[in-house]
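Annotated in TrEMBL:
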type	residues	note
ACT_SITE	Glu261	active site, charge relay system
ACT_SITE	Asp265	active site, charge relay system
ACT_SITE	Ser456	active site, charge relay system
DOMAIN	193-539	domain 'Peptidase S53'
SIGNAL	1-18	signal peptide
Amino acid sequence: MKITLIVLLLAVLSLCRRQMEVSISNEIPATWEAIQGGNNEFVRLTFFLKLQNTDKLQLKVKTVSDPDHKDYGNFLTFSQLSQMISPERKYLDRVLRLLREHGAEETTIDVSKMGDVIRANVPTEQAERMLDCKYSRFLHTETGITIMRAPNGYSLPDEVAEVVSFVAGVVGFPSLLQNKSTQKQSNRVNVNGITPDVIRSEYNITRDPSSRSGKSTQAVASFLQQYFSQSDLDQFLSKYKITSNVPKVIGKNIPSRPGVEASLDIQYLIAVGENITTTFVYTDGLHEQQEPFLDWVTNMMDMGDESALVHSISYGEEDKTISLDYQIRVDQEFQKFITTGRTILIASGDSGVGCREGKFSPVWPGGSPHITAVGATSTADLGVTFSGGGFSNVFAQQEWQKSATDDYFNKYGLKVGLPDAKYYNRTGRGYPDVSAFGVNFAVIVNGYSNPVSGTSASAPLFAGVVSLLNDVRLKAGKKPLGFLNPVLYSKLADGFRDIKRGQNGYDSCPGFYASEKWDPMTGWGTPNVARLAELVLQF
């Protein structure tokens, strides 16, 4: 997980006569400073409307993902999902009326297909009147990036505040730190390390690209000006003799500016998920768009059936730096997406357990309960210290995970030793769920092979594995796997190599030790793909 990008958004509700104060943020991070300018600029406002029937959504997630339930695999169409959760038209009209009353141009207003997200580009002065706030320009002192923000918060009319969860890109200050592990490159020399051949050998992957069903699809999400070069990809595919079509690009890509992260993601997703239709999805995540995860998942749902079945994401942040409202809304969006049969895999982070103010600091969205978190190993049987793992401070332990976490705390974890309970939330959602290689990947960038490490390597690798398993099921006339975790914890554990060595302490905080069965350092372990291919046909 290499680049941190998400906003800090603190929401406080207090009723006024006509205006409801919906968000206050008094703290400006030390890496941001106010500068002159910006009065004549445009800002992008994104209104996230409250969803209806979230209880029904949660129930549907549970039934379509439970392999022992009669509703398993009975995924919703995007139309059915929209009918279930979309806000009533009158609520949408309240926000549109607010925008129009304050002079927003119709051509700048965009409404998501499900009617729950409204975006508009408006001049700063209009935004200030609309939101009863004052914008200033801020400079990120480490990167030189500038943004417009209203650090003292904003307000909305009562009738709008009643139907809006929050307005994105107004008060939050993003973290723009790049994880050190994935920045390590050689000085343009050939390197030996993890290659497609090593992965296939260690994970028991039988190459048979000509037998693909044509129905399995996969995608990698990219943010923060991370692009890939087709010529680098062609060189990689040729070097390792990989069969692949040219990936489809959604959003922006600047081939002349390839990034290490994007190159790693696309090369190894394709290498493992060989000859499976692949999409590179770029979502802006800087300047006025500070909620790239919400933008990404909204864009994917707007694509409907054209969105891939499997999605790999290698980005995240400490959950303490993200507002509760934001995390909950993103998780609701994940729930929406997985009810349509999609699988979301996210890197578990590169800071071990994390350490802030003497306690573990879990990662987000790797700690979300409706994604599959992927940790890292350094060798075939050793977890790597930087691999993120632990227990969420926001989301509770999930039903599908209870037996595994109980066994860890009451049996297997006791054998290797548990950290003092003061460090972590024992009742939180445990992560990662699985692991894969995460050290010394051979990645071609600007024509040269570079060694790259991080759980951002593990995530696309494992996403390619899921695409292969989907292909096995689709060829057999079955549905795709969709949300993987309920099946993973109840039916697929036998298809993983148990990693029993390693610990993920960070800074002054102790970590969790790898143990038998599931543990918060390596999850269930690393995949035996041939065995998993047998198991996924048994339900």
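Cβ atoms here come from the backbone N, Cα and C positions, even for glycine.
Curation does not apply to TrEMBL; its annotations are automatic.
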**Q.** For Asp265 (active site, charge relay system), the number of other Cβ atoms found within 10 Å of its own Cβ
**A.** 30
Q: Express the distance between the Cα positions of Glu261 (active site, charge relay system) and Ser456 (active site, charge relay system) as a whole number of Å.
A: 7
**Q.** Asp265 (active site, charge relay system) to Ser456 (active site, charge relay system) - Cα separation in whole Å
**A.** 7
Q. Within 10 Å of the Cβ of Ser456 (active site, charge relay system), how many other Cβ atoms are there?
A. 32
